[in-house]
Every structure is written in structure tokens, then in C-alpha cells.
Amino acid sequence: MGLHRCRNRSERGRRFAGWNSPGFLGVYSVRRERVPTHSHRRGADVSSSAPSIELNNGVQIPQVGYGVFQVPEDGTQQAVETAIEAGYRHIDTAAGYYNEAGVGAAIKASGLPREELFVTTKLRNGDQGFDTALGAFEDSRKALGLDVVDLYLVHWPVPSKGLYVETWGAFEKLYAQGAVRAIGVSNFLPEHLATLLEQAEVVPAVNQIEVHPTFQNVATQEATRAAGIAVEAYSPLGQGTDLGDPAVTTIAERIGVTAGQVVLRWHLQQGTIVIPKSVTPERIRSNIDLTGFELTRDDMATISAMEKGQRIGADPATAAFTQYRS
């Protein structure tokens, strides 16, 4: 297993010196993979071309993932099965979503070889701390029915608790043991990344953050990429609020695709991993059908000009919810 380590503090400082470098694109690469078809699963005639990102430890992650945030427990298995049949090979869940078991059931029902699916889950905020995080990981692994999790994320920094660095130590242990193929963070702002990297042995592979046209989270994206960490966007469509903007609909009409496809393509062409979410089969399918067209430089600039600084989710600087059921 390749370890992408911070060897000393001077190296960490050099990583962050590049935050404001013009045109910084990160240190990972993008390649395309054919998603295999299998006669032993439903939808065996489905074949899609999916780009992938090489993370800083050499692990390949599909650039389009299916997210199950707020998907009801009793509907998760069906939704994930639909996504897998549509060609998704990256599923994103979390302990705090309370639907890991449904994801696991869908994986088992798919009949796909384990190595063809990339599964991400996240630590609940209330489970931060070294020993607690290790126990919580075992609960997630059991719920998913997996021996190895592809990517495990610290869901929120929760700076008021001051435990995310200690928690990262548990993640590093899981990584060293081979229980996870990659470890990362979510909702980490530049100051959280700086604090973590001052003490981390292993550089996070991913920072999953809110990014969409009207909230591009530029400072956090720059800090993340400058540290050699891949940017992964949740709410990449602005939960639908960005899709009616004429800047998007005009491009969609010209190309002959949906507004959602235009916005997702905008993300992909910047090297961002995206986690769209829908429970509607037609939208699930269209959200991964992103390789038959390309946006022009002007298209990219037009969408980027939609920036309004409008965050939809909680502010990571102050968010402190436990993610336990009340």
C-alpha cells in the first residue's frame, strides 16, 4: 500500500505555500475507464464510460459517485441498485446517514466483483476520538458487509471539540492495517487542513466539501489542491437551485443535454470528483452520462461567473452536531 506521508514540518509548509499559485491543478491525474458489463446482474447490457481520478496514494477513484444523503433507509437498497445498473461504480454513504446497511445490501445484490465498486463512508461527529473512531469504523464495516472500505472520511472537523487530529490518528492506524484503501476528510476549511497536516503522518487523499456554481468554496478548493488532496464536491448541483439559471439552461439547450449534466461536466473539467444524489431513476442515469460532450472555455467561464458565495449546508467553522438520532 502506498503511503503519501508528510515527512516533516518544512515539507508541510511547502505544500501550503502553493495555495495561491496561479493555475494550480493539483497533483492527481484523470483517466477514463470502461465500466464492465456482467451477464449475472440485472441491466447487464448497460455499459458506461466513467472517468477516474488517481489519488495521492495511487488509488483510483471514479470521478462520479452516487450519494445517498437523505435517502430513506427503506429505499436505499433500491436506489443504489438502480445506480449500479446505470453504471455507477462509486457509492458514497456515511454513518450519520443511517443507510449503510442498505448500501451493503445493494452491493451484495449487484453480483459485481468487490474490486469493481468503490465505497466511501464517513465517521459520525459524535464518534470522534481515537478509540471511539476505531469502534465506529467496525460498526460501519459490519453494516456495509465489507472487509475493506475504499475511502473513510472524517465527516466534519467539529473544531469546538478539538478531536479531529486525534481522530486522524485512528484513521492512520486503519490505513496502515489495510482496513481502508484511502483516508480523507470532509468539510475541512484551510485552517483545519493546516492544523491537521502539522501533525499528520499521512496526507488526506480527499477533502469532500460543498461546491456548486453559486458557492465555489474557492479558498478551500485552493488549499486542498495545493496540499495534493483531491477535491470532492457534495451538493454539486446546488441541490437543484443552480439549474434554472439562464447561464446553465442556455448551454444545455445548445448542446442538447440537461442542466444537471452541464453543471456536473463543469465540475469534471476542473478535475473535481462529484457526488450527485437523486432517487429518480431517469436523473440517476443522466447524472452519470457525462462523457459524450464537452464544455467550451467560454461555457466554463460563464458557469464560474455564477458565484454568489451562497452556502447551502452548515458552516464547518461552527458546525457541531453529533449526527446521532434524537
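For all residues, glycine too, the Cβ spot is worked out from N, Cα and C.
Per TrEMBL, the features are as follows:
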- Y97: active site, proton donor (ACT_SITE)
- H155: substrate binding site (BINDING)
- 70-306: domain 'NADP-dependent oxidoreductase' (DOMAIN)
- K122: site 'Lowers pKa of active site Tyr' (SITE)
In this structure, the one of the recorded positions K122, H155 whose CB has the fewest other CB atoms within 10 Å is H155
Three-class DSSP assignment, K122 (site 'Lowers pKa of active site Tyr'), comes back as strand
Rounded to a whole angstrom, what is the C-alpha distance between H155 (substrate binding site) and the residue listed as 'active site, proton donor'?
11
Write out the long-range same-chain contacts of the residue listed as 'active site, proton donor', meaning residues 6 or more apart in sequence whose Cβ is under 8 Å from its Cβ.
V68, F69, Q70, V71
